[in-house]
Amino acid sequence: MLRTTRGPGLGPPLLQAALGLGRAGWHWPAGRAASGGRGRAWLQPTGRETGVQVYNSLTGRKEPLIVAHAEAASWYSCGPTVYDHAHLGHACSYVRFDIIRRILTKVFGCSIVMVMGITDVDDKIIKRANEMNISPASLASLYEEDFKQDMAALKVLPPTVYLRVTENIPQIISFIEGIIARGNAYSTAKGNVYFDLKSRGDKYGKLVGVVPGPVGEPADSDKRHASDFALWKAAKPQEVFWASPWGPGRPGWHIECSAIASMVFGSQLDIHSGGIDLAFPHHENEIAQCEVFHQCEQWGNYFLHSGHLHAKGKEEKMSKSLKNYITIKDFLKTFSPDVFRFFCLRSSYRSAIDYSDSAMLQAQQLLLGLGSFLEDARAYMKGQLACGSVREAMLWERLSSTKRAVKAALADDFDTPRVVDAILGLAHHGNGQLRASLKEPEGPRSPAVFGAIISYFEQFFETVGISLANQQYVSGDGSEATLHGVVDELVRFRQKVRQFALAMPEATGDARRQQLLERQPLLEACDTLRRGLTAHGINIKDRSSTTSTWELLDQRTKDQKSAG
């Protein structure tokens, strides 16, 4: 069994000294500005105004996002309980908050210090480890690494620091001792420690206003009140445990996040995030624990919750317990992380979202359409795409209005569906100006405005973690540049052969027909080469008798074209 002696108290928070976080420097506004949501008072912090209105679960409405320190915002994210593979329900929440984090950083200039707790000891971990006949520590280590690999595959930025529960047991014990010392928790003869919910009076329930009932309580429970929740669990036979003042045991779930977040950020937290299913009882209990320990009126200023991912046509969320989930690894065998991220962008982070293959295919086609538009825009800039006169002034105005609309939507609780609509609208107008024409343009060409649109699209999608280049070129170890050059040369050679074969012979009559007949094998060879490259995922577009362009296909489109 794992054992450890008690360590020192919480001590100085890990990152406070370096980043100026924690209680110091934070104060209530003059007159304690308060807003009430759902009957609760919310104390508006002072500090740096980000320019963003965010839906705060503490008030049930949008509030101005104000972070305590100009240099960095403090953000605690509930991490995984590492006992199995992560699934798309987890992915949806982490990708949505990753998008928000990127937007705050890159659009609104708000640096973020993010801490994520890893629950690496838990009833589920112990049960699964026993089933697999391995130690809980080995199981947790295996699936923690698996989780991190999945997040990297989805392009979710890692937190500033991961903190494991098992590596912070002394700090958790000290946190529990602090709550007991303040009269809000009690130990029992069996070695358990519980939070005394009645000791909070009407202060409990700031987040959702629900008091837990006695549902599912064992007959031999040693709680004073059925609604009390565990801070420390006495060890059961054959379970992992740590030494404590109350006997061998391990932490309860809720206390882990409270202690870890406080260890880094102290008594004041800007942002706390998680799935909506964590709001109660987990986040509610975190608030109660932290406000007791720190003796403060408001520990976390903003609670952000993401909606559930549902299997289409199902009311229940995607979860392991319901066995209705798709693992991230299985999903990525069919669709790219960019497609999933775009799928997430199309709905509010707070809303429930239905998963289906058709929804993913629609997201994929929209993303491919954007990539195709950028390819056409580049072809136009290179003089490879002939089209009629371009309404340049209109496109400049559309670009300007799109930028304004996108910034306004992002500042309005990260309204990404509005952003996607604005982006697709600009692409639609741009495509409308790039319709191929056999006629020479009546006015001068206007490549600069398309260059500006390309630059804006690439900048925006890079901001939210999507690579539009991957819709055209291969990503990977740097070999795409070489591949790009080789295919460019091949397409240029084919283009010259095709141009020669299609050129009208100067001869007439039988001589002319003979020349055309002689050139037919060249055209057939060009078509054969195009089909062969399509089978390898390279699609050549003949835009006229003199110009051709190419793009890389995703696997599904490649299979469809090859079958056709």
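Placement of Cβ uses the backbone N, Cα and C atoms for every residue, glycine included.
Over in Swiss-Prot, the protein carries these features:
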- Cys78, Cys257, His282, Glu286: Zn(2+) binding site (BINDING)
- Gly79, Thr119, His282: L-cysteine binding site (BINDING)
- 80-90: motif ''HIGH' region' (MOTIF)
- 124-127: motif ''KIIK' region' (MOTIF)
- 317-321: motif ''KMSKS' region' (MOTIF)
- Lys320: ATP binding site (BINDING)
Set of same-chain residues at least 6 away whose C-beta sits under 8 angstroms from His282 (Zn(2+) binding site): Cys78, Trp253, His254, Cys257, Gly274
Confidence summary (mean pLDDT) of the motif ''HIGH' region' (80-90): 96
Non-site residues, in chain order, whose CB comes within 8 A of the mean position of the CB atoms of Cys78, Cys257, His282, Glu286 at Zn(2+): Gly117, Trp253, His254, Glu256, Ser258, His272, Gly274, Leu278, His283, Asn285
Gly79 (L-cysteine binding site) to Glu286 (Zn(2+) binding site) - Cα separation in whole Å: 14
Where Cys78 (Zn(2+) binding site) falls in three-state DSSP terms: strand
Nearest-integer angstrom distance between the alpha carbons (Cα) of Glu286 (Zn(2+) binding site) and Thr119 (L-cysteine binding site): 15
Set of same-chain residues at least 6 away whose C-beta sits under 8 angstroms from Thr119 (L-cysteine binding site): Gly79, Pro80, Thr81, Val82, Ile125, Val165, Trp253, Glu256
DSSP-assigned states of the motif ''KIIK' region' (124-127) in counts, ordered helix, strand, coil: 4 helix, 0 strand, 0 coil
Among Cys78, Glu286, the one of these binding-site residues whose Cβ has the fewest neighbouring Cβ atoms within 10 Å: Cys78
Cβ-centroid neighbours of L-cysteine site Gly79, Thr119, His282, 8 Å, sequence order: Cys78, Pro80, Thr81, Gly117, Ile118, Trp253, Glu256, Cys257, Gly274, Leu278
Cβ neighbour count (within 10 Å, all chains shown) around Gly79 (L-cysteine binding site): 26
